[in-house]
Amino acid sequence: MSLTSSLLSRVLGGGSCSREELIALSREPLEELCQAANAIREHFCGNVFDLCTIINGRSGKCSENCKYCAQSAHYSTAVEEYPLLSDEALLAGARYNDARGILRYSIVTSGKRLTDEDVDRLCASYRHIAEHCGISLCASHGLISKKHCEQLKAAGVSRYHNNLETSRRNFPNVCTTHTYDDKLQTIKWALEAGLEVCSGGIMGLGETMEDRIDMYMDIAALGIKSMPVNFLTPIPGTPYADMTPLGEEEQLRIVALVRFIMPDGFVRIAAGRNTMKDHGRKIFMSGANAAISGDMLTTAGVTIREDLAMLAELGYEVRMK
C-alpha cells in the first residue's frame, strides 16, 4: 500500500497525520495525492461548496511592510487609496452579492489595526447592512483586541478573517512591523469573543513545503474550519514584484495537503485563481471546496456567474442564502 493510500485510510477513519508524514506525503505522485484529497473532501463534506465575496472597505496607506502587499505605504505601487467607505457604499456591495445568492460578504480594511473610532464606524455599517440585507457578515481588519471583536460580534459579524500568511520561521522574511504571534493572538481573541475564524496564508512567498505544512497545522490546532489558500500575484513596486508564481502542480499539491490537515472544513481558494488557465477547476477536484468569488482587494478575480456555472458542471451544491 502506498503512503498516500495508507494516510487516506487513516484520515477517513478519523485519524490525523504527523508533520513528518505530511512532508513525506508532499512528495508522493500528484494524481494519487489529489484523488485522495478529493475522497477526503467527499467523505467529510459531501458536494457542498462555499462561496464568499469581499469588498475593499479602506484602501492603501498601510503602516505595515508586508513585502507582497500593494497597499503598504512603504512601497510605491499603483494602488488606489481611499478612506473608509460610507454605510451606503458598503450596503450596496452587500446587496449586489446577496442578490446573486452569495452566503458571506466581508469588509476588508487596510492598516495594522482599527482605532476605537474606526470600530464604532464599522459597527454602524455592519448594523446597517444587517438591517437591510440578509447576507452573513465577515470582517477583516488586521490585528484587533478582544473588546473590538466583541463589538463586531454584537453588530452582526459572525466570522473574523486574519491570515497567518506564512510560517513562523518564514514570517520575519516577509514582514517586520508585526509578528506571527501578534496574528495568533488576534485569532485567539476572536475565538474567545465567540466569532468563527477564517485563516490561511499566501503561497509563493519564498517558503518551503515544510513552512506551508507548519502554518496550516498551527491553524488546524486552533480548531479553525475555514482555511484560505492564496497564491501570490506579484505586484509591481513591491519587494516581491519579481517573484516567480507557483506552477499548477505545486498549487495542486499544496491544496491537497491542506485537505489532509483539515479533513472536515472549507479549503478556500482565494487570490491568484484568476491566473489559472482553468480558474481552479482542477483544484476544486483536489480537496478544495470553497472560494472567494469576484475581485480581490487589489487584483481581478473570477466572476460570480463564471464560478456558479463551473461549480454546477463539477457537481457541487453551492451554499446559497
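Cβ coordinates come from backbone N, Cα and C, glycine included.
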(message) Among Ser76, Ser86, Ser106, which residue does Swiss-Prot annotate as binding [2Fe-2S] cluster at the site that also has Cys138, Cys198, Arg268?
(response) Ser106
(request) List, in sequence order, the residues of the same chain other than Ser106, Cys138, Cys198, Arg268 whose Cβ lies within 8 Å of the centroid of the Cβ atoms of the recorded [2Fe-2S] cluster site. (result) Cys52, Ile54, Arg104, Ser140, Arg159, His161, Ser226, Pro228, Ile292
(message) Cβ within 8 Å of the [4Fe-4S] cluster site centroid (Cys62, Cys66, Cys69 excluded): which residues?
(response) Glu64, Asn65, Tyr68, Ala70, Gln71, Ser72, His74, Ser110, Cys175
(message) For the C-alpha pair, I'd like the distance in angstrom between Cys138 ([2Fe-2S] cluster binding site) and Cys62 ([4Fe-4S] cluster binding site), rounded off.
(response) 21
(request) Tell me, roughly as an integer, the mean pLDDT over the domain 'Radical SAM core' (44-273). (result) 97
(message) Below 8 Å Cβ to Cβ and six or more residues apart, same chain only. Which residues does that give for Ser106 ([2Fe-2S] cluster binding site)?
(response) Cys52, Thr53, Ile54, Ile55, Leu137, Cys138, Ala139, Ser140, Arg159, His161
(request) Mind telling me which of the binding-site residues Cys62, Cys66, Cys69, Cys138, Cys198 has the densest Cβ neighbourhood, counting other Cβ atoms within 10 Å? (result) Cys198
